[in-house]
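As structure tokens, the structure follows; a few thoughts come after it.
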Amino acid sequence: MVDPSLYQGSVPEPETMLDEDEDEIASNISADSDALELRAEVERFDLQQEAFVARQRAEAAGLPYQPPLPRKAGGRKSKPRRTTGPRKAAKLPPDIQFRMSLANEAFQQKDYDKTIAHLSEIIRINSEVFNAWMLLSTVHETLGNREQAIWCRISAAHLTPRDVPQWISTAEYALECLEELEDGTSEKDEVLARAYACYTQALETDRSNITARTGRADVIMTQGNASKALAEYQKALSYRPWNIRTVRNIADVALDVKDRRKGADIARGAYRRLVDHLQAEGTFEAEEGWFEWSDLRIYLEFFTILEQWQEGARELKEISRWLLGRRSEAYWDQWVDDDREWDIQDDRRIVVPEFEPAKFPPQSYGQGLPVDLRAKLYVYRSKLGLEYEANLHLQLLDPDRQENFMDFPDCLKDIAVSLLDRDRADEAIRYLDLYRHIAITTGDVALDADFSVCQGRYHMARGEKAAAEECFIAAIEEDEDHIEARVQLANMYEGEEMQEGREEAFLLVREAMNLEARGGDGTGRRRGTYGPRKPREGKPRPRRPRDPNKKSNYVPRRLINAEKRRQQELELAAEASRNFQRLREVQDRALAGDEQAKGEWMKAAKNLIDDFRSYKQFYPWEKYIKFLGYGANVQGQAAVPARNMKLAAMEERLRQNLAPAEGQESAIRVPIKFPSEHRGVTFDTWLDLFLNYAFALVRAGQHREAYVVCHAARDSIVWTSAESTFLIHVAWASCAVYAGDEETCVAIARYFMRDYMPGTDSYRMFSAMCRVCQTPVSWYTSGPAQKFILRQIKTMDNIVMRRDNNAGNSTAGAAATAMTNPDPNSRAAAASDAPNDIGLDVALLTIYGHILFTTTSYTYALSYFARAASLDPSNPLINLSTGLAYVHYALKRQATNRQYLLTQGFAFLFRYYEDRLRNAKDGDGHCSVAERQEAHFNIARAYSLVGLASLAVEYYKRVLAEGRAGSDGGGVMGNEDLRVEAAFNIRTLCYLLGDVEGARAVAGEWLVLE
């Protein structure tokens, strides 16, 4: 693959690249090449001559001619082709070798322009010179053109497709600049894609290459696909099962996959197999590394994820014993629930019969166990309920001995969590205070969200709910994906008596479940394993700021601390006021077309609308939680941890408590006391903001987001009046029309026809909205639309039939009354009691006929056009539709009486034509040119449809004549002029009939652009 941009502007002319001596040498090389080519031609001619002579001699002797078989080298059988490595490169021609020597010499002299010129000439002559591409890559790297250098290396690698080391080196070279690129940029994605392609090419040649396999898995992991990276690492481990680097990679990826329990099980098995192998070999050295204490710490993390406390304790003791050189003391495995092996003194160990005090030094027992592993052992024993053993470990984890925890400060939080689980808050605060002291004094650890949760749990145990609430909310603000903070806050709010507390608890639980469904780990982030703290080199790396565009819809509200809650409300009100002020400032410039002002207006409007939608008093409960994204249950997890089951149970309990009782939905629709404004702004202004923001979104090409805004306005309990609902749906329909979304147009039109204003205007609006959408009529003629219109017609028919039946009964009763009571006043009163005249809707019948017409169901369409014509026989549109239906039906292949159908069709068309011309005058007597043009044009189109081009041309000429005579162009049609369309059709028909001159004359007179 050659990138032509590598040589733009850097290749001099061929005659300027060589001096006179070089030209002479090159000419000699070219002469030698010509001599070799001539010699090959002579040898080929000699072979053909010998074959011709042999054929002549065989024919003279009467024998069949048999050409000689091709000779095999050495006369031996050919061996199967080897595919394990690259093929040996062919020897370069002398002229290429000479130019390569010139390029190397120029490169050594640091004349890079001349080097690029020589190499470009070599590639022009023969683009398959590997060394030329590699040297060109080196030159571009020296000049700082890394992009071009990478492309040169990739081009060189394609010349040796089976050279695995070359592909690997190319991928590694492409990844060297990865740390300099920012996440999420196209440049970084492109670099990763190139490296992935190079590693894939290497694996196509050698599937067992561990470097290429792990390299590709590293690239996949960097791209963010942890599950695919885990599968790739497993493949690599199948080829090299004792490679500790691959095992560590599996462990690292297993903490990032969506199903963390499945990943933990895979990583645990990989570590266990490696430990068994190393123990059997009697060494700590594995392939590409040594098994160390840090590997044990990583290994134990998976038992915590799987909540296998007993197995974790057993593995901790066994592997620690092996690392301390006491693997032979396997008898300690019999003491499952006893940790006397790791006591500091021998008081309890000497009771064991197999124990020999002088066999191993004391440092290989309790004194040699790292403090973080002892903390882990304490946690395991606490989870198992072994209080005695847990207290013995806790006595050795004295927080007053600060020097023991300086290298392992994170274990202090685990100890505090375990103590809080056992309601020992007074002891837990000592470890939390030590962690805070280490974080403040050293600066190497941070007071993160985990610490805030622990601090909050301590305050909860002390009954200090306000302080606990602040800690939990601080943890969520620090890490917006922290699950445990939301669970603890939900537990606190659930115990509140007021319903608002239970609502907040439900929202927190739903958000926690959503985070877990996305692959969270319970703390919101993957925490690194415990290990000795290393001194930091240079300044600490700053924490990346949170992306303001990805903030959560739900912000926890303070319910316990009333002062903080009031302060939060004041801050939100001030923020809304600033956004409204910003809207007023940039509105005029945005309407004038300033793109920057438009962006600022939309940003402020979005913040205001999000603030309005987050106010749950304005929405029904189900609509509110749907806005927050908590409407659906979490599904799709094969293995559900116990914590998830508890969350699910808590969520269901809160949902049942918050769900309205049957028959109370309408009662909670509107609160008893409803405010007249929000954030100091009237609700009419808020509605204008919603609709204007929807219009701005659809103009920006975000019609789906515009629909969401309109839907949010409709769902609110604020705007329930008929006027507000009408405005919302009209705006919604306008967005759909602007976006060309016929499906939404049909849905909104059905609302007007069914709920808001059933009648002729609604039916006409349905047709108009479908007409203005510049899309195929798929939804206009769809099954649901047809069924809806047909149901409307049937409903109308039932009303009319019921009217007729009631009218007949009333007439009979009136006649009997007249015979018995001759008073005329009584007869008038009886007549006044008859129902009002309810007629069929012509627009509805015509719409359904047009739907059937569009679907080529002409016979059925004619029946509905006939019903409409019986109600309004002089309607030009009905006559036009009926005539076109007959004509189109006559043109179908299976038409029974085509002549009759055409006669009927043109009869209705001319009735339309005459009515249109007769009614083409307004009340003042002025002629409507547009309507007469329309009548002439439609008749011309009908004649053109049946192939009568001569008659069609005559009516098209009438359109042109009307255009010359008319001046006002008014009427119902407005200023629409059909002369250009008529002239274009005349030109086309003249050309098809062979009248080229006539076509040219019409085009010259009517179709010339001015």
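Glycine is no exception: its Cβ is also placed from the backbone N, Cα and C atoms.
What TrEMBL says about this one:
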| type | residues | note |
| --- | --- | --- |
| REGION | 1-20 | region 'Disordered' |
| REGION | 63-91 | region 'Disordered' |
| COMPBIAS | 73-90 | compositional bias 'Basic residues' |
| REPEAT | 210-243 | repeat 'TPR' |
| REGION | 517-558 | region 'Disordered' |
| COMPBIAS | 534-550 | compositional bias 'Basic and acidic residues' |
| COMPBIAS | 811-821 | compositional bias 'Low complexity' |
| REGION | 811-831 | region 'Disordered' |
| REPEAT | 842-875 | repeat 'TPR' |
Subject >> the repeat 'TPR' (210-243) - residue tally per DSSP class, helix then strand then coil >> reply: 28 helix, 1 strand, 5 coil
Subject >> Intrachain neighbours beyond the repeat 'TPR' (842-875), with Cβ under 8 angstroms and 6 or more residues off its ends >> reply: 760, 763-764, 766-767, 777, 780-781, 785-786, 789-790, 792-793, 796, 881-882, 884-886, 888-889, 892, 915
Subject >> Segment-level pLDDT (mean, integer) for the repeat 'TPR' (210-243) >> reply: 87
**OP:** Take the repeat 'TPR' (842-875) and count its residues per DSSP category (helix H/G/I, strand E/B, coil), listing them in that order.
**Re:** 27 helix, 0 strand, 7 coil
